[in-house]
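Below is one structure; the comments refer to it alone.
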Ligand SMILES: Nc1ncnc2c1ncn2[C@@H]1O[C@H](COP(=O)(O)OP(=O)(O)O)[C@@H](O)[C@H]1O
């Protein structure tokens with residue numbers, strides 16, 4: 001079990017996606033050259049995905065506060081007060097690239113990931129939503145992608161027993177080579193039982209629970225380096241297979257343990273696995289964490305510290321427990337037939353220390369690793385304004401009736417029943433407004449009369465024409481969809497899907513959308529409490545349409561008063577309001 | 001009424017079921033973990049819906065082999081009332097308590113919607129409160145609900161009056177068009193020979209609330225409450 | 001010892017998945033596709049070193065769990 | 001011509017079904033169960049009579065539809 005020795009060549013640094021400036025910072029922080037495991041950790045932590053290096057400057061400008069906000073962006077999910085000691089916990093997340101490569105598993109693991117974000121905070125998920133973007137219907141791949149993605153979302157959510165109650169779908173050729181799969185989960189917690197990721201208590205045990213760690217998602221390019229050549233001809237898959245059954249057990253086990261007071265903090269192992277969970281927990285608490293990597297439950301033989309730190313295996317969590325509570329916690333995870341291992345301790349060193357059968361396999365000071373994470377003010381160009389099209393100027397040869405038929409049959413407007421019938425939207429018996437029945441779905445709180453109104457919205461073609469107006473419109477639409485059911489809008493989560501931010505035109509779209517979103521959210525008192533950014537959505541230099549998806553949550557005190565779209569009896573009067 | 005609901009790893013409609021039973025009978029059922037081996041003392045045992053063991057290998061196969069199912073079988077043999085819904089129906093066929101199997105839906109897709117079923121037989125303990133031919137609007141949510149048995153078995157079921165529910169339209173017409181999952185002869189629910197074990201794919205427990213799903217599933221639970229309390 | 005168990009639907013039992021695959025293959029332009037059936041392959045590693053004993057155990061596994069003999073046939077192959 | 005195509009998850013890819021089956025076999029009292037993996041078996045009937053051509057067609061079917069080579073391997077066996 002000796003540690004593999006790998007020379008850190010400029011090629012290896014480049015394969016890890018670090019620029020030479022970024023690598024210089026690594027050398028400064030460590031005061032020496034990193035070993036391969038440490039290099040991998042820097043690479044993951046400073047990736048776009050974890051560090052938000054292109055977007056952070058702008059995301060800071062979003063309004064995130066309000067009397068209803070208990071937790072804004074920065075935790076696993078946002079938390080909003082909904083009265084009577086109840087809280088709504090929610091977030092949206094993208095799984096675009098994996099869903100294009102393997103639609104079923106990609107979409108499924110996306111749903112699994114976002115549910116973990118929510119139940120990590122102590123909330124039981126009560127509703128899932130999804131925002132989907134596909135290429136043209138006639139494109140050779142579209143059918144296969146639509147059916148795979150929908151089946152994958154259903155497959156995971158249905159097995160978990162969480163109703164999938166809403167979503168939206170668009171088709172445009174800009175997504176031919178890069179579909180978007182954004183999944184949102186809304187959960188329910190008690191305001192005095194919210195769990196956070198901040199590690200504390202020097203000497204407290206760090207515990208690993210869930211599935212075993214395999215070599216999932218460890219980047220192919222890196223693996224091909226000489227020292228990992230064992231089977232380098234077989235490129236490592238970058239798509240994980242989801243295991244909703246295990247996640248259901250993980251959900252129940254975590255909630256059971258959360259009902260005790262044994263947990264100090266908890267963090268799910270998302271995209272960057274053990275690395276980001278341990279670093280974030282340590283950084284938030286201003287402490288160090290020592291991990292004995294040989295104690296991590298492993299699915300395969302011969303795994304290295306590098307692989308353990310970078311694996312993206314799903315259905316895992318890291319927790320800090322109060323001292324002496326390990327046995328009680330283990331009993332719960334044993335009952336649910338999940339792995340449980342004490343893998344480390346909280347330390348006062350401020351370092352992430354990695355041990356491998358007693359040997360030190362890596363040591364990185366946490367604060368500099370996080371603080372020095374790159375942040376770029378990417379150059380951007382404002383989107384040139386397009387001429388406003390007046391309806392009077394658009395000649396149409398179609399009669400109103402024919403136009404209506406054409407609209408109803410168009411891919412962007414036709415019925416979505418084919419999709420939502422593949423999702424269990426009835427489980428729980430609380431779905432008061434089902435998909436298609438109202439402008440937002442209404443899901444009642446178990447045992448209560450109040451309910452949450454939930455919706456996801458974005459109109460990418462507006463955002464392409466004018467990102468500022470488009471960004472604002474998405475927020476306004478979510479707000480309208482919630483108010484239209486009789487609920488009061490509370491807060492939003494957002495999923496910023498854009499092309500390559502290194503291109504000033506694309507960065508301009510991003511900046512515009514943030515500005516518009518910000519303005520609308522401020523005006524409507526509809527703060528952003530969580531979100532996700534997905535950049536580099538391009539194929540062969542063709543970017544997707546700018547797609548800032550808004551997930552909105554509102555509250556209605558009595559679900560019986562919620563209003564749907566249906567005309568329930570004859571003789572009703574139709575009223576048009578607004579401009 | 002003392003009712004038990006079995007809970008396997010992956011079961012997920014146990015709370016819906018408990019709510020329905022409580023609404024009809026006034027008492028909250030007991031949740032029984034799959035590791036238990038004794039189910040004596042209950043008047044009713046319900047194997048609820050969900051994805052026991054992830055539906056891996058075959059729906060219901062692993063749960064059907066679990067220790068608690070042996071206990072369910074024992075009680076069923078003694079005449080205790082047993083209801084299996086959705087995954088519960090799949091489990092009961094896997095154990096042989098009910099004949100046939102549930103194959104993948106003919107359309108190869110998961111189906112979740114409100115649908116109609118026709119009661120073919122009004123009899124205690126499951127359908128005493130329904131009349132023969134009565135149509136109920138209930139939920140379905142399944143991927144493997146396509147009831148299959150060989151012709152001989154089907155003829156026997158029909159002959160013995162053991163087909164309890166069929167998929168139909170809102171007026172009770174049974175046809176291919178109302179057969180949402182490809183089931184042989186539109187079968188949605190059957191009983192065992194003795195009449196104390198019922199398996200059905202639809203979810204009456206998601207039709208007990210005027211605000212969510214309507215209340216047409218309730219009579220089944222009221223039938224149970226009446227039959228068992230009596 | 002390693003064994004491969006294949007579980008296939010009995011002849012006469014409808015196989016909608018197989019049918020759908022056949023259709024899809026035709027849709028992709030493949031000609032002369034006859035019947036397509038889908039089954040399961042289960043690879044099991046066994047500590048047992050006695051071939052006959054392994055086969056007996058596998059047969060029992062199939063009857064008890066791996067196959068539903070109402071609709072499925074199974075075949076056991078010991079790989080090494 | 002008849003062919004058997006087996007599609008299995010690549011080594012290293014999580015196989016939740018296989019894992020659950022292994023557990024269940026142990027639960028049933030079978031000893032010495034090592035790794036269990038589940039794959040698909042697809043039986044295809046082809047009008048093609050030339051073996052090499054059939055193999056080429058099957059290979060294309062696998063790459064295009066029957067397997068997703070990102071996570072799966074496939075094996076083709078011509079039965080007769
Ligand atoms: N991907 C999806 N998943 C679940 N439900 C969806 C999805 N797409 C659309 N829906 C549902 O279909 C209905 C109609 O969708 P949409 O046309 O986008 O409505 P609207 O324009 O009123 O927001 C809504 O109830 C919506 O929640």
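Backbone N, Cα and C define each Cβ position, glycine as well.
Note that the coordinates shown come from a computational prediction; the quantities given were computed from them, not determined experimentally.
Per TrEMBL, the feature active site, nucleophile maps to B:86. Residue B:86 (active site, nucleophile) falls within neither a helix nor a strand when secondary structure is assigned with DSSP, and so counts as coil. Other Cβ atoms within 10 Å of the Cβ of residue B:86 (active site, nucleophile), summed over all protein chains shown, number 29.
Under the three-state DSSP scheme, residue B:203 (active site) falls in the strand class. Under the heading active site, TrEMBL lists B:203 (among others).
What TrEMBL records for B:205 (among others) is active site. Long-range neighbours of residue B:205 (active site) (same chain, six or more residues apart, CB within less than 8 Å of its CB): B:13, B:16, B:17, B:19, B:20, B:48, B:85, B:217, B:221.
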Message: I need the CA-to-CA distance for residue B:86 (active site, nucleophile) versus residue B:203 (active site), whole Å please.
response: 7
Number of Cβ atoms other than its own within 10 Å, given for residue B:203 (active site): 30
